[in-house]
Amino acid sequence: MRLKRRGEKVLLYLDGKWQQNNYLPALVVLKIDEISSGVGFQKENDTLKEPFRGAVSRMVFNGIDLLERARKEGKMVKEGKGLRNIKPKPASVSFVNTTGYAVLSQRMTSSLTGPLRVSFKFQTLIGNALLFASYSADRNASFVIELVNARIRLSYKVLDKEMLIESPLLRNRQHLSDMRWHTLLFYQEERSGLQMLLVDNTTAVSDNEMQPELGNVVSIGGAPPSMSMARSGFRGCLATLRINDRLIDVIDDCDAKKDVVRGCS
């Protein structure tokens, strides 16, 4: 779950998917006196919420890692027996060279059914790089997400038809190749059919009637020579890649890999 506030707008995301947004009736300034994780505060004799029972692998508030701080301060409740063996799936990888790539296994690719939805985080200094690509030779179709002049460009081609979406120019000469973390989400809005590209706090929309589909070859961070894509690869870190709501382990779920290692340096 992720909750973001932008001015009077509050946005809720679940599993990387935008669920809803609400507008505050007025510009309210929140002052935080105390933060509690897993258990509610008490007012007189009433508890606001029952204690949470389950597993939490990460909790961040305004950039503060609450779980890590609780561990350092010795305020973390010890894990129960049933939770000790739960290990979060590795979610970040580094592409150490622009010639690198990772090709998703056919087993994983064939299991990714349903409407196409792609989300991930990235950080890099490279201004032009291939981030994600899928290709189907039998349909002569390709789906590509890339950095072009430090902006995101998304394209979907089938024969002679093409859909193109670009992230907007940022203010004050800001760009996406600044070695900061940036988030990306692409999906098709179910009711309107609009194609949505969300990059950080920006949104680009296309009303193209094409419906992008995942190809039978999926490559991450670059492309092997067999895909014949004349684009430079990615150098940097990529994390929490989800395709159709499935969290992808770029190391374990990919058969062919080059110049990619686990974790971010």
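Glycine too: its Cβ is placed from the backbone N, Cα and C atoms.
On the 0 to 100 pLDDT scale, the domain 'Laminin G' (91-264) averages 92 in the predicted structure. The domain 'Laminin G' feature in TrEMBL is assigned to 91-264.
If you look up TrEMBL, you'll see C237-C264 marked as disulfide bond. The 10 Å shell around the Cβ of C237 (disulfide bond) contains 19 further Cβ atoms across the protein chains shown.
Taken residue by residue with DSSP, C237 (disulfide bond) is part of a strand.
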